Structure formats: C-alpha cells, structure tokens
Ligand code: NAP
Ligand code: MN
C-alpha cells in the first residue's frame, strides 16, 4: 500500500506528521506522494480540501483519511493521539470506503469551456456592483437574479459556506446539489425565490451572467481566473470522493459537535 501525506504547517501538525512517518517506517507501507492509494491529511478540513485539489485527477482511484490537529472536522475524524490505531488499521485491514458526491463546474468564457471539480462548493460573486444573471434549471428558465452572487454546494459542503448563507445541512449520502443566494435584491422589479433549493441528481443548474468582466468565480478555497464568463453549469460529477472507512462518526453527531455542543477548548472526541 502506498500512502501520501498532505499537511498544514502548524506546529502541532508538524509533530504529528513526524510521528506518523516514524510509525509508517516500521511497516510495509510506502510513502509515495505521486501515486498513492491512500492520502492521509493532517490539519483541518481546509487541509483536506487542499489535498483533494492536489489529487483530483486520480480521485476515483484513491481514498482519503483525515487527521485533525484542531477541532473535529467534517472531513477529518481521526485525532492526533490515535496514530498507532490508524497505522495498525492500515496494516491489518483493507479499508472499506464510503463515497460522497462532488460538484462538476463547467465554465464557458471567451476561450471555450473548462471543467472543474469541487468538494464543498462553487460560487460566482461580484464585489462592488451587483451580479445580474439568469438562472436556468435543466435548460428551463427559473429566475433572474440580482445581488452579490450565488453558491452551489455539495452535500458535504452544506456545513461550510452554504450553511452561512442559510442553506440546509444535507446528509452526505444524498446525491443532491443545493443553490443558495448571496444577498439577493428583492423588490418590485427583481424577484428571486429567496430560499435555498435542492435539485435532483439528474438535474443541473446553468447561470448566464450579464456580460461583465469583474466576476469572481470560486471553487472551494480557490479563485478561478476567467475573463468574460458567458455561462456556468453545475451538476453532480461522475467522480466521487472516497474516504477510508476505518472509523465512522455518525454524521449528525459531527453536526451536533461542530455547531451545537458546548465544549471547552480541551475537547475530547
Ligand atoms: P478558511 O477560510 O480557512 O476556512 C473556513 C472554515 O470552514 C474553516 O473553519 C474550515 O475548517 C471550515 N470548513 C471547510 N470545509 C468545511 C465543511 N465541509 N464543513 C464545515 N466546515 C468546513 O478556508 P479553508 O479552510 O480553505 O476552507 C475553504 C472553505 O471555506 C470554502 O470551501 C467555503 O466553504 C468556506 N468559506 C466560508 C465562508 C463563510 O462561511 N462566510 C466564506 C468563504 C469560504 P478548518 O478550520 O478545519 O479548515
Ligand atoms: Mn482552514
């Protein structure tokens, strides 16, 4: 088995990585950053997002394992003190995996069409003036949007940006995309639905922004560079992300732990 490690650069993370490498050295597991079977991330959810974007081209062939060195994350369910247990599980069991949907974003601009994959969400925003765009669902006109922008999130992304925008938290086993509005203008002239929508697995969303050159298109933690975007299509990707299922934290327990539970800083999980 070949393992790659992706980490952030916090002091605590670096000491965990050092210990993890020492433990792996005593096994048959090889470290291979280029062609891994398993990608272990050490850090937070943001670290796992970065790792996903490093390995998106081989995402179907690999599984992720997330170790968190801060708070319990949504993509990271191993604690830093469980390294022995993790390495033991890697050596003794072929991990089953659990797969979650990804978002495919196709951006069409002056130069043609380009496809991207997102794990959390993709947004289009405009900063000082408003974004004006027609939104279609499955090739049918839905609404004319005017406001800061819109966000389309995956089920696992529903606890991130989408939640801050008033979106519902979706169980990650649902194959669905959720569209939320970012500060829409609603008056007698401009009218949007004003509530989040969740589309079916075989549907897609198309956004036709009015021709301007100052849109910001984001994909998870990244900002995409495109000039004169004429349309954006959002659909559930054919590829999925796989997580090695050694441990499995009940999804709603994670939600409870992240957003509701009153815990002190020395949280135990
Ligand atoms: P960041 O600005 O450092 O992180 C934003 C926060 O979102 C961090 O606490 C991160 O957790 C958390 N997070 C990431 N994915 C999550 C998920 N699926 N469920 C729940 N929380 C999640 O940037 P980053 O760490 O690279 O993360 C990028 C993400 O930030 C974007 O994909 C977007 O979802 C989110 N974001 C949110 C807002 C907002 O809510 N207003 C605005 C912009 C971006 P960790 O601390 O564990 O990394
Ligand atoms: Mn982060």
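A Cβ is built for glycine as well, from the same backbone N, Cα and C atoms used for every other residue.
Remember, TrEMBL labels are computer predictions, not curated facts.
183 is the only one of 89, 176, 183 that TrEMBL places in the NAD(+) site (with 45, 46, 120, 121, 146, 148, 159, 160, 161, 162, 163, 164). Local packing around the Cβ, expressed as the count of other Cβ atoms within 10 angstroms, is greatest for 120 among the binding-site residues 120, 159. The Cβ neighbour count for residue 183 (NAD(+) binding site), using a 10 Å radius over every protein chain in view, is 12. Among the binding-site residues 146, 161, 163, the residues whose Cβ sits under 6 Å from any atom of ligand 1 are 161. Taken residue by residue with DSSP, residue 161 (NAD(+) binding site) is part of a helix. Here the C-alpha separation of residue 161 (NAD(+) binding site) and residue 45 (active site, proton acceptor) works out to 13 Å. For the pair residue 120 (NAD(+) binding site) and residue 45 (active site, proton acceptor), the Cα-Cα distance reads 10 Å.
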